[in-house]
Every structure is written in structure tokens, then in C-alpha cells.
Amino acid sequence: MKKIDKNKLILAVAAPLLAIVAAIVITSAIILSTGEDPIRAYTVMIEFGSKSDSQVWIVDKSVPYYLSALAVAIGFRMNLFNIGVDGQYRVAAFFAAVVGGALTLPGFLQIPVIIIVAMAVGALWSGIAGVLKATRGVSEVITTIMLNFIAGSLIGYFLQEGRLAEKDGNLFHTPNIPDSSHFFTLPTNPEPIGGFVVIAALAGVVYWFVINRTRFGFDLRAVGHSESAAEASGVSVKRMVVTSMLLSGAAAGLVGMPTLLGSSYNYGTDFPVGIGFTGIALALLGRNHPLGMALAALLWGFLDRTGIQLEFEGYAQEIVEVMKGVIVLCVVIAYELVRRYGLRLQQRKVGEELAALARDKGNGTNDKAGVSA
Amino acid sequence: MANHDIDITVRRGSVHALVGENGAGKSTLMKILYGMQQPDEGTITVDGEQVTFGSPAAAIARGIGMVHQHFMLADNLTVQENVALGAERLYGIGGRARQRIMELSDAYGLAIRPDVLVEDLGVADRQRVEILKVLYRGARTLILDEPTAVLVPQEVDALFDNLRELKAEGLTVLFISHKLGEVLSVADDITVIRRGTTVASVHPADTTPKQLAELMVGSELPSPETRESTVTDTAMLTVEGLHLSATDPDGAVRTVLDGISFVIRKGEVLGVAGVEGNGQAELVETVMGMRDPDGGSVTLDGQDISHTPTRRRREDGIGYIPEDRHRHGLLLEAPLWENRMLGHVTEEPNSRGQILDLKSARRDTERIVADYDVRTPGIEVTAASLSGGNQQKLIVGREMSHHPKLLIAAHPTRGVDVGAQAEIWDQIREARREGLAVLLISADLDELIGLSDTLRVMYRGSLVADADPATITPEELGSAMTGAASGHLEHEEAQGRQAPEDGDGGGPR
């Protein structure tokens, strides 16, 4: 028993270690092939990334990444591939910005209203894919990708002067939300960190609790393990598909909030896009685990930040994107290798221990068999 | 390792049977012989030459081929295409391949029709295709993993004729089975494996099924006989006029259950015999609520549950031992204690309200492991790492722990060793004494006859015949399963009578 636990621990450490080593080796080889010095690149990254203003920047940047990863992970836990987080958070943030810009309530009311609107719109958008899958059997991969494009067009249509947006220089954006709706910040040096990091941490805890400690979470994981076994155990897989898509979309609704409530205060043509896709990579990287995904999000923030500096130091600007790709690949491969190895190891172990057990008490029965044979 | 000190010698041109409990290490041995797994020590010698197999391909190159328990055929291809698939280099895919197939088929009396789609073939035919596939690849030694598990008695006889044919042509057959009577009838040599090691090699002439079974288990052998009746007058499950249609992949709607009616009373075991694919699985799934019937009713303990969701039915007291435990009974990659919660997550001790009670669930899993003799080093290991018999004991323990009113047991001892089989039978018998109603589906006719109070035969979606388990023989049941007989089956004159009775399910009297 104990032995297996120890093995488990070693295996748990082995996978990320293997992935990191492989990723560093491959990236170094790539940098070398461009005729640059990889060691210097890493030194630059670490030095620049550990500066205090970089740290603030990284934390702020990783909050939406993390929320996006959570949204994707909810689907992943039951084998649903929600590629549509990108469209979901943009539609959600857009309509939340519209509502926020139109209302002037006290902050303690207006902020929750904006967040709830965002979550509801995100859920609605992903719910379309969920309902289509449950009722018509349409693959959620297809529908969510298409809904991303529809989301883009929908926002494009409304984000025009005279519709729901106003013109500001070359940009169009929704009316600014009132000052009372600006999210609080945490006083740090040299700049404050956006308070939404607290919400993100909370979301991580809720995610962990619901998935691991509730009946609903058990049903969800059961569907992820084996749809047929879950169905036979009494889970309505169709209802589960719709519910988890709704939850995934609601979580996606949060992704745009740190930006809307913390820095942009409106939804404009320059609102960040593509975070939904980053979330997919991060959910893979963090193995759908709340802490793993947090580390992954911070790593991504770090790479984003130091990538800019690498460019100043004369490295190709694409090198950081290459690193990201290499890391995701290495992690996915390393975990799968270690998982398979672990499974085989465990089967061997079980066989071994049972054989040992049998040998211990086997002698008595052997005699008996000898007599009867 | 699961195996140690295995010594086995198979003579060329013989049928050699390998028997042993599940988890005894038969499968591991087979995997080693077929190159799917490597031994830590010891040697394999083929024709006096020491060999090591790094992969199944290496084993095939040495003339060793395996027919798996679960067929590996592509349904939408013809027999010829299936045989040539993956072995195109040998004889191409056209005329030469066909010629070779027919040669082999004629030489060994396999009666292969190369142009038929595999989906149109019955189980026995598919098995012959699998055997042909192996021969086609040049195998001189065939390993058959529980080949008779899915066959009715008549088909088993035909298979054994094929095996004798192979033997006569100088081929060697290594044959795994749990059915000792069959082993004795076809094998030239028998090797018994227990707890990962070979414990005996016997000749069929010198032994009896009972002695063999005792060698396998290492102790006295129990039997499925339950003659004292515990049947009461209270109906527990009433099924009336059940009708179900299903749409097959081509979009055609066909009837899979037609006018099914029966009653199971408290303390009664109703056995349903039938060749697989005649609607038994659909019947089970309809009673479980996984399929919605389009006609008829299902009543449990006086309550109409025809359209209640599965979870409600489980909470209302239906226990379920599924036919395919990997697909329907377990989360293979989840630990045992999570598997203990599966299907009963809304009930004590697994949860309180919406929140899981992991501590109680773990503790109760420990109890099940101890009470039901699930052989495992702990409850944190995944279900996949247990042997089939132990997985099944866990499922039986789980279902029985919630004191079901009705137990649906589909092939409860399939792929389970003699020891575990006896324990499972005991569990069912004991619960039946306390008023449990059991719907038993099984391909093992001895089990059906031994455990059931009432027997029904299912054929093409209908219950076509009934029989009294006290007098009926497996052969008589077998002929009704192929549709040759219907109505009330009497011992001796099993033929002729029509009018399949429906309605009160009074059973054979």
C-alpha cells in the first residue's frame, strides 16, 4: 500500500521533470540553430522576469489565462472539447460592458450585475453547443468553433457608432462603465495588482470542490471516464453535457472581467482576443488540476513578459511562441508516457503482491490439493 | 510478476488445455507466449529452439497465433477482406488471397464463405473467421482464449470438430477454458495453473471435472444447485407486453423486444436462456431504464417504473451486475473506492446530501474488499489492475451492499474463475433466501439450470419457450435457443409444441 503511494509520488514528480528537461533541451537546440546563445537567453529571461514590476505584470496577465483554463478544464473533465471559450468570453465581456456602461448603480451592486451578466451570456453561448450535442448529436468541437466566428461577427455588428458603441479616435468601444464599478486592487509595489486575482483563486477552489467533493462532480468525472458506465450507473449523460457546457461557458464569462473591470473599462476593438485558445493549452499543461493550471498560467505570463525583453536583446521575436509550443507538446507527451508506465507498474505491483500473499498462505491449501488430486 | 515457475510442455499435434482460476495467471502466460509481454526469467522453446518474442509479429513469424476472446473483426468488411487485412503482403487482396482462404477452409473444414459481410455472421461463424485469420498468417500453433464462452452447446461441438481437424493436420492448439467438461472432452493434455504457477499436468482419461476443479481452486468444489424453493407469492417485478424498437446504423427501424411478459416474485430467480444478440441485453437495459420502451410496462414492487430514469430505479432497489463490466460496471482508471460509489453515489454511505462522504465510502470499500474476498493490495489501486474475477466480486459486493429488491445479473460469472463463481452463486442464493428477486441472464446453461427457479428462452426478441430447471438438460435448452423448439419444453420430448405462452409468468409446473 505504502509502496504504491511512494511510487505515485515519484511518478507525479517524474512527468513534469521529464517535460521541463525535454523542453529546455529542444528549445536550446532551436536557439542554437538560429546562431544565438541559449544560456544567455535564459539568463535574460530569469533576470528580467524576476523584477518586481515584471512580477506584477505577470500576475495580472495570468488571471484571465487561469480563468480561461478553468473554463476549458470543466469540459475536459468529461471529455468535452470546448474550443469555444474564446467566443464565449468575448460575447460575454461585450454584453457585460454594454450593460455596465448603461447602468449607474453603486459599485457593490453594479459589479456583481456586470459579472453575472457576463457569466449568463457566456453560459448561453456555450449552451447552444451543449443543446445541439445533447439533442442532435452534433460534435461540440464543430459547433464551438463555428460559434467563435459567429461571436466575432455579432460583436463586429454591434460595435459600431449608432449601435452599441461610440467612436474614440480610430477605435470603437462601448460606453465606459462608471468609476464606481472599477474593481479593487491589491496594494503592491511598484504597481498594484488587480483584485480579480482573488476571484480567480476563489474560482479555482470552487472548481476543485465541485469536481472532487460533490455528487455532481463525481457524475461529471464518471462521464469523463466512461460514458457507458456512467449511463448505466444512472447519470443522464445528455443532461450532463448541457450542464457542463453551461458551467464551462459561465466560467468563460469571467475571462474578460479582469480586463473590463480592472483596466479597459469598456469593450473596444482593442479588447484582448485569443485567450480562449491559450486556455486550452494551459488546461492541457496543468492537467486540469487547479494548482497545475495556476502554475501554467503564471508560466505563460512569464514567457509573455520575458519574450518582449528577448526581442530587445536581439533574439527572434517568435522564439517565445516556439517555447510555448514545445512546452505543451513535451508536457502532453511526458504525462501520457508516465501515465501508461504508471498503469503498467501498478498492474505488475498488484500481481506481485497478490502472488506474495498467495505464497504465504498458499502452502496449507497446496497440501490439501495434493491429497484430493 | 503475476507468474512464477511456470512449466508447460505442449506436444506438436495435440490439443492442450490450460485451466485455472481467473487471476491465476493464464492470461499473463498467454500474453508472454504471444509476445505481448516479456518474461523476467525463464525460457520459451519452440521446436527445440530457444526463442524470445518481442512482439506478436515475432510470435506469428514463429508460427504462433492467437484467437482472442473478444473478436477483432471489422463488421463492415467481408470475410475475405477481414482475413487479408494487415496481411496483404502474404497473398495480396484479390484472387490469390481468396484461393488461399478456400484452401484453408476446405483443409480444416471451416466452411468459410469469403464474400459475406462479417456483420451478417453469427458468433460461431465469426470465431471460425478468427481462426482462419490466424491460419492464414501461417500459424502452426493456435492459442484460443476461452473460445466456448459465447457458444451454445451445438456450436461448441462444431468448434471441437474443427479443433480435432486442426490436430489431425498436425497443428497444435493451446486452449483456455473454464468449462471443465469441455476441456475433458477435447483436450489431450491438461495443465492446471493456480496462483501464478503450474500445479498439475493431467490426462483427461485419468481425471474428472470435480478433481480438476479442486486442483484449480485448491479446495472442495461447490455447485450451483439450489433445489429448495424460496419462491413466494408476492410479485416483485412485473413486465407486461414490453416492446422496444431500435434504429440500426443503416437507419432501419427493427423490433428488438416483442411482447415480453413475465413476473418475478420475491425469492425467485428467473433465468433467461438464449443465444447472444436475441434481445437479452436490450431487455436488461430496458428494465434498468437505459432504454425507453415504446410499449408495455415495467412494474417494480407495485410501482410503475416504465419510464423512470435509471438513477431512480437504482435508488428504488434494483441492483445491476452488467454483462460487460468494463463498459457498464466500472471506471477502469479510477480507484476501487470510486468504483464502489459508481451507481450508488446518491446513497449512503457514499454521500450526504450533495456532498460526497469520501471517508465512509473508503471505509465501506475496505469492508466490501474483506467481505467479498476481493484480492487486492488496497483500495487506492485502479479497477483496471484487478483480475476479472476480482473486479466482478467488487461489483457484486457493491450491488449487494445496497440490499436490492431486484437483482439483474447478466452473465454474473462470465470470465470468472471457479472459486469466485462459487462465491457469487452463494451471494445470489443467500440474498434470494431473504426475498431477493433475480433476473438472471447467462450463456452458461449449467449456471442457468442450477440457479433458476423458472427458465425462459429468448429468441429474436421474444420469450418463446419455458422450461422446468429441475428436469431440463442443457442440450434441450440449446435446441430451443436456436429456435428449433418453442412452448413448454418437456424433458425427452422437446419438440413440436407451439403457442408460446405469455402473461402471468407462472413458469413451468
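Cβ from N, Cα, C; glycine included.
Here TrEMBL flags A:9-32 (among others) as transmembrane segment. Same-chain residues lying 6 or more positions outside the transmembrane segment (A:9-32) and placing a CB less than 8 Å from one of its CB atoms are 38, 41, 315, 319, 322-323, 326-327, 330-331, 333-335, 337-339, 341-342, 345.
Per TrEMBL, transmembrane segment is recorded for A:63-80 (among others).
Per TrEMBL, transmembrane segment is recorded for A:87-105 (among others). Beyond its flanks by at least six residues, the transmembrane segment (A:87-105) meets 68, 71, 113-115, 117-119, 121-122, 125-126, 144, 147-152, 154-155, 158-159, 164, 174-178, 180-181, 248-249, 252-257, 259-260, 266-267, 271, 273, 275-276 of its own chain at Cβ-Cβ distances under 8 Å.
Summarising the annotation, TrEMBL assigns transmembrane segment to A:111-132 (among others). Tertiary proximity for the transmembrane segment (A:111-132) is limited to same-chain residues at least six positions away from its ends with a CB under 8 Å from its CB atoms, namely 71, 82, 84-85, 87-89, 91-93, 95-97, 99-100, 103, 105, 138, 140, 143-144, 147, 151, 177, 181, 183, 241-254, 256-257, 260-261.
The list of residues near the transmembrane segment (A:141-159) in space but at least 6 beyond its ends in sequence, with Cβ under 8 angstroms from a Cβ of it, reads 81-84, 86-88, 90-91, 94, 98, 125-126, 128-129, 132-133, 165, 172-174, 267-269, 276. Look at TrEMBL and you will find A:141-159 (among others) tagged as transmembrane segment.
Only residues 6 or more beyond the boundaries of the transmembrane segment (A:193-211), in the same chain, are considered here, and those with a CB under 8 A from a CB of the stretch are 56, 59-60, 63, 66-67, 70, 73-74, 77, 183-186, 217, 220-221, 251, 254, 257-258, 261-263, 290-291, 293-294. Among the features that TrEMBL reports, transmembrane segment is placed at A:193-211 (among others).
Residues or ranges marked as transmembrane segment in TrEMBL: A:241-261 (among others).
The transmembrane segment annotation in TrEMBL covers A:322-338 (among others). Below 8 angstroms of C-beta separation, residues 11, 14-16, 18-20, 22-23, 26-27, 30, 281, 284-285, 287, 299-300, 303 of the same chain, each at least six residues beyond the ends of the transmembrane segment (A:322-338), sit close to that stretch.
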Folded-back contacts onto the transmembrane segment (A:241-261), same chain, C-beta under 8 angstroms, at least six residues removed: 60, 63-64, 67-68, 70-72, 74-75, 77-78, 80, 82, 84-85, 88-90, 92-93, 96-97, 100, 111, 114-115, 118-127, 129-131, 133-134, 140, 177, 181-183, 194, 196-197, 199-200, 203, 207, 216, 220, 267, 271-272, 275-276, 279
